[in-house]
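Novice: One structure follows; several queries about it will come next.
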Amino acid sequence: MDSEDRPIGFFDSGVGGISVLKEAVKILSNENFVYFGDSKMAPYGVRTVEEVKKLTFNAVEFLLKKNIKALVVACNTATSAAIIDLRKAYSKYMPIVGIEPALKPAVECNRKGNIIIMATPMTLAESKFNNLMKRYSNSNILPLPCSGLVELIEEGKTEGEEIERYLEEKLIPLKGNGIAAVVLGCTHYPFIKKSISKVLNQDVLILDGSKGTVRQLKRQLIKYHIESNKSKIGKIKIFNSMNSQYIIKLSYKLLKE
């Protein structure tokens, strides 16, 4: 089969999807990638479903002009709000992969205590998430809306006093009943794993959906016969609606961390 060198498109409301792109670069190192972050309109988690759908379709149109062969919606909020409509519109042209919280592995670990799901308010309010919760109704799961957290990470604040103070206010009150695992339901949040561990000061499992998403992407590339056969390392291009050097530099910095 001829090598398929067209890039894989990644999209997020900002720099968060870089956490998923990092995993893809590890597993699919010979693929080319193009990433679009919509930091100008971030955060998506406080917008209406219709607003998020419109912004998501605008982002996909941008990526289609880059001649992508597959699409990864590396944003939990956009996946919740728009993945069904995206697949209706584009799945006959290319595979479309979304992301969801890594609730299944958290439940399967069978640890004592509550499973905390940190996510944006919209992700937690959407029917897609509620259906996911119903599948694990026998487990002790506590949704934790985290308004304002995406904004801190977009500013590059992944460690230090400000982010730790925010996390303390959210997480410390939940420690009393025991925490079995923390599930990161937003692709921005893996960048603060160290800070979460520091605040909780205990052996808590912290899980995100990046690996599962990339495994699904790999399966889809094989299914559609569009995986790259080249042996050399692929190229990565990052774009952002904010059109500022700061956000592009932050994106590449997060990719390398």
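Positions of Cβ are set from backbone N, Cα and C atoms, glycine also.
Annotations per Swiss-Prot:
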type	residues	note
ACT_SITE	C75	active site, proton donor/acceptor
ACT_SITE	C186	active site, proton donor/acceptor
BINDING	D12, S13, Y44, G45, N76, T77, T187, H188	substrate binding site
Novice: Given a separation of at least six residues and a C-beta threshold under 8 Å, show me what packs close to T187 (substrate binding site) in the same chain.
Specialist: D12, G16, G17, I18, S19, V20, A74, C75, N76, I99, D208, G209, S210
Novice: Just checking, which of C75, C186 (active-site residues) has the fewest C-beta atoms within 10 Å of its C-beta?
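Specialist: Candidates: the active-site residues C75, C186. Fewest Cβ atoms within 10 Å: C186.
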Novice: Where C186 (active site, proton donor/acceptor) and T77 (substrate binding site) are concerned, what is their Cα separation in Å, rounded?
Specialist: 7
Novice: What other residues of the same chain, not counting D12, S13, Y44, G45, N76, T77, T187, H188, have a CB atom within 8 A of the CB centroid of the substrate site?
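Specialist: Neighbours within 8 Å of the Cβ centroid, excluding D12, S13, Y44, G45, N76, T77, T187, H188: G14, G16, G17, A42, P43, C75, A78, T120, T123, V150, C186.
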Novice: Secondary structure at N76 (substrate binding site) (DSSP, helix/strand/coil)?
Specialist: helix
Novice: Near T77 (substrate binding site), how many other Cβ atoms are within 10 Å of its Cβ?
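Specialist: Taking every protein chain into account, the count is 32.
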Novice: Cβ distance under 8 Å to S13 (substrate binding site), same chain, sequence separation 6 or more: which residues?
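Specialist: In sequence order, the residues whose Cβ lies under 8 Å from that of S13 (substrate binding site) (at least 6 apart) are G37, D38, S39, M41, A42, P43, Y44, G45, L55, C75, T77, A78, V150.
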